[in-house]
Amino acid sequence: MLVLPTTMLTEPNKKRWHMAFAAIYCSRAFSTPLKKPRKKSPVSSTRVVIDVFGPHPCFPKIDQSVLAGIVKQKNLDQLGKYDGVEGLACGLETNLENGISGDAEDISRRNEAFGSNTYRRPPAKSLWYDGGSIFVAVFLVIAVSALSNFRQNRQFVKLSKVSNNIQVDVVRNGRRQQVSIFEIVVGDAVCLKIGDQVPADGLFIDGHSLLVDESSMTGESDHVEVDLTQNPFLFSGTKVADGFGRMLVTSVGMNTTWGEMMSTISNDSNEQTPLQSRLNTLTSSIGKVGLLVAFLVLVVLLIRYFTGNTQDENGNTEYNGNKTKAEDIINSVVAIIAAAVTIVVVAIPEGLPLAVTLTLAYSMKRMMSDNAMVRKLSACETMGSATTICTDKTGTLTLNQMKVTKFWLGQDFVNENGSSSLATSVVELLHQGVGLNTTGSVYKSISGSEFEFSGSPTEKAILSWAVLELNLDMEGLKQSYEIVHVEAFNSTKKRSGVLMKKKGENRTNVHWKGAAEMVLAMCSNYYDVSGNIKVLDDFERKKFDQIIQGMAASSLRCIAFAHKQVPEQENEEGKIHIEENCLTLLGLVGLKDPCRPGVKKAVEECQNAGVNVKMITGDNIFTARAIATECGILKPNQDMESGAVVEGVEFRNYTPEERMEKVDKICVMARSSPFDKLLMVQCLRQKGHVVAVTGDGTNDAPALKEADIGLSMGIQGTEVAKESSDIVILDDNFGSVATVLRWGRCVYTNIQKFIQFQLTVNVAALVINFVAAVSAGEVPLSAVQLLWVNLIMDTLGALALATEKPTKELMEKPPVGRTKPLITNVMWRNLLSQAAYQIAVLLTLQFKGEAIFNVGSKVNDTMIFNVFVLCQVFNEFNARKLEKKNVFEGIHKSKLFLVIVGVTIVLQVVMVEFLKKFADTERLNWWQWGVCVGFASVSWPIGWTVKWIPVPEKPFFSYLKWGNSKAL
């Protein structure tokens, strides 16, 4: 009996042992004579323990299964056996300060020993189609539909791969650098900050106030504090909610807790969009009408048959009571039922879902090339209905490339070359405030003289200024000082603080950095250029307020530094409080973040399209106003008293009635909190707006989820923001937001074009078949012919009209919003005029065609079929433009449209001329073809003429509702 230790046996090894056992058992079974069963001989119970999995030769001190179990099971005892994080790091050959070496050989052996940080995903759905129909037309509809779904699924897989390729900060060879999450290896030292996703399972090395959101793993909403003693465990897939820190990677890929969960998860991308729901309602309504017409046709034809009013081809009455054979009755009734079923087939517009799928799949692919990655299918169409866009400022309207352009020490402006005249004591304090109170870092290569700065754009700008202008020595500073406690930056306080002391001394210093007005409110003194401390009374405070407002009015972000020397504090239950009062102001810096090129044009484009653009930012009201004016969101003559510019605290203190009254007028909201942004979105939606929101931070997640369309930033956006959004703007540019709006409107309009095209066919086919059946006792089009028309509508027509590209006219109309109907009055005008013409022509051919053209019934029926199909081909051009009279504008750019029209015509010629038995047609001569084309071509001048007829703005069906209400 083999007893294998479960802690040492991995899944692949289990499978190997199972296979070995099965092979041995089978070989013994086959070697035993079938006729002479042998009795079991007693065997001694032997217990053998075989270790089939152990440490990898490259890392003899570390066992992967135990290593993964430490974090998964939160096993502090097992961690203690390895002498804690330091012992594990030693076994993994990781320097906790400088990380791993990171060369190709090191990465390769770590991947070999512990696996790569990738997850096995469920395979994409394969191409399938359900054949079996006796009609080729039905087969083609199914095949094209299946192919479209297959390509759509593959598109989602590609987009998923792009969205999952997250960049993370690691320390390798003493240098902080960004690598793909897929390149993370066991032993890496990973840097974490607010909003980051934990890329693998690991252990906490160091950091401050690190809180992790483990709701994705545990379902608990409370944040978990991570520290060295009580809970050093970090799980892949969780989110950093607050603070910052470094982690040692212990498990990657399928060995992580997240990997185990991923192996059981199957992503299904076949979500139903809001527009598809509306289309399903439309399809259902049309289907009910079709069923009603089919039922009436069935009843009428049966009555005509059994009352003796129908005749066969020889002119004899088909039903003569008892004289008619039962077989003949059954055949006639089946033919009547087939005619009714054919009407149902033509009436139900099953091509609508296919048209939506084709339009969305094509648009998603094109939007990807326009720097917009669609995460949720519904966002494509919903964006076309957007009435308001609430946009962030930093990185979206601006470049997010911060640079310190102004520096004030006290009330004196210090120019670029004036730092040498500053007091040494003040410069030293600034070094401490910048170099120790930061989440960024400075790297200088041994060979080169250039510096590399990492961190947020603000951190990089301030570090660059301190190193290059104030000669900050980052390495020397860290070696000389010890950080006692850190108060991490958050969006509510808008400041960060650090408690530190010089090594070997008992003096403790507090440094604060943050939004200028916030830090200034904490100060009671300030330093001047000479290093003297002066009292900050009300008069002096007003001067500083003017300096801050002046920088803000110049579109500068104003950051203040403050300091205070405090006595060494005693720990009270492990908690340390950093002083926030009676500080001394060190200085003010102004950072410039220039507007993106072309952003003003993009804002104007949205405004011309009837979409309100509102800027919601955490900056002060002066900076927000300046940037909004520069971008065109705020007009130069719009004063602050009109309610166009408000602060977040003012907005949240409004009564609900006041908010609903003023929300439309607001163009800029400054000093806003995440709650203010969420409140703005909720108010706008309550007023009936379709709201799009842009955001890049973790604090934007609630508003992104609440909005109808959430747009996150692909470069600066946190993983939380991307997860909460519907579309990822890959270049962080507001110009791309305008492009998404244009594409959204294009999707909506293309679907409207197809609906108009298809309903024209539906109305014409239903009326023609009903009138012909009631009057003549037969339908003019056979089942195969109607299915062929169905193919033109559902597949080729959808493909032709779904791939029309966006035009400038789309951004010159007001938005659709929530209330406008899917079928507009313009569409009703166009489709009813075309359907009326087709009905008139085909009924004329049905009753008078043989006499007018002197042809037999077979040729006449073929001409009816040919004219009906060709009318749809010509009407397809009319459907390209719902309102414009020139339907050929831009036709040379729509190559796919022309190809599809050409293919349709060729197939129609084949149906008429070469598939006589299959399509129940007769060959036509040149003159008869000319007559058919002539009848069909009249749809062009009719389409041009009716577009001169004005239609009211009020939806057509609203008049019926009004009439009903009056009648009641």
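For all residues, glycine too, the Cβ spot is worked out from N, Cα and C.
Where the annotation comes from TrEMBL, it is an automatic prediction and has not been curated.
Since this is a predicted model, take the numbers as computed values, not measurements.
Quick look at what TrEMBL lists:
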type     : residues : note
DOMAIN   : 83-128   : domain 'Cation-transporting P-type ATPase N-terminal'
DOMAIN   : 166-264  : domain 'P-type ATPase A'
DOMAIN   : 779-949  : domain 'Cation-transporting P-type ATPase C-terminal'
TRANSMEM : 127-150  : transmembrane segment
TRANSMEM : 286-306  : transmembrane segment
TRANSMEM : 329-362  : transmembrane segment
TRANSMEM : 759-777  : transmembrane segment
TRANSMEM : 783-803  : transmembrane segment
TRANSMEM : 896-914  : transmembrane segment
TRANSMEM : 926-946  : transmembrane segment
**Study point:** Selection from 759-777, 896-914, 926-946, the stretch that has most Cβ pairs under 8 A to the transmembrane segment (286-306)
**Key:** 759-777
Check your understanding: Per DSSP, how many helix, strand and coil residues does the domain 'P-type ATPase A' (166-264) have?
Key -> 16 helix, 47 strand, 36 coil
Point to revise | Counts of helix, strand and coil residues, the domain 'Cation-transporting P-type ATPase N-terminal' (83-128), according to DSSP | key: 19 helix, 3 strand, 24 coil
Exercise for review: Would you mind listing the long-range same-chain contacts of the transmembrane segment (759-777), meaning Cβ under 8 Å and 6+ residues beyond its ends?
Suggested key: 286, 289-290, 293, 296-297, 300-301, 304-305, 309-310, 339, 342-343, 346-347, 349, 786, 789, 793, 823, 827, 830-832, 834-835, 838-839, 842-843, 846-847, 868, 871-872, 875
Exercise for review: Restricting attention to the domain 'P-type ATPase A' (166-264), give the mean pLDDT.
Suggested key: 82
